[in-house]
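A short worksheet on the structure shown next.
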Amino acid sequence: MAGSEELGLREDTLRVLAAFLRRGEAAGSPVPTPPRSPAQEEPTDFLSRLRRCLPCSLGRGAAPSESPRPCSLPIRPCYGLEPGPATPDFYALVAQRLEQLVQEQLKSPPSPELQGPPSTEKEAILRRLVALLEEEAEVINQKLASDPALRSKLVRLSSDSFARLVELFCSRDDSSRPSRACPGPPPPSPEPLARLALAMELSRRVAGLGGTLAGLSVEHVHSFTPWIQAHGGWEGILAVSPVDLNLPLD
């Protein structure tokens, strides 16, 4: 994937994620927000908050590289060849589709793998964190406020531990989920799309916790970039996995 094309897709993904976070707040389920000093106040704009989670070259004020001046200009019609930029309504529609997928996934309990005894103390802590993240934002806030040690473990996770946290959070017991006919053709690969939706849900649940956790969650969402690109970008994904208008989410 060309560098400029990848950066453009990552920017689109950030906008989808910002719209997804905005849906959660509008629905009355704000992300966890531990107390901060005035010097630690986060920007209220979701997109700005997400960019602060990324390395400078990918998020905070990265200056676009200057293109060399062309020697000639192509002769082509000025209409009908390339789509215009996506609108806020488009990102909101993608976020709505992802929200529907999240609701479908969360109807199923966590994987039976979580029922057995943990093999290590580290695994036990990660399972405890997953159980915490299954709660509503208000409950997460209350438990983290009463257990600073647990919050410290959560915001200081290593990348390897976070990868395991993602694996546990996204593992669902498919046997308990009723089958439901979806309108239109099925998505090109339902499992990656469902995992991507859950990755955004995890980002929503940890977005206000600070530390390295928010950045790791956003980078995990960006790890789906090759898959998104292979299926025609967000436009292609929405075209083959449309919003189910029979689910009144708004």
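The first residue you see is number 1, and the count goes up from there.
Cβ from N, Cα, C; glycine included.
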Any idea which of 47-58, 155-166, 227-238 is down as motif 'BH2' in Swiss-Prot? 227-238
If you check Swiss-Prot, which of Ser37, Ser108 turns up marked as phosphoserine? Ser37
Hey, what's the Cβ neighbour count for Ser158 (phosphoserine) at 10 Å? 11
Euclidean distance between Cα atoms of Ser111 (phosphoserine) and Ser159 (phosphoserine), Å: 22
Taking the Cβ of Ser161 (phosphoserine) as the reference point, list residues of the same chain whose Cβ is under 8 angstroms away and which are at least six residues distant in sequence. Lys122, Leu126
State the three-class DSSP label for Ser161 (phosphoserine), counting H, G and I as helix, E and B as strand, and everything else as coil. helix
Cβ neighbours within 10 Å, counted over all protein chains: which one of the modified residues Ser111, Ser159 has the most? Ser111
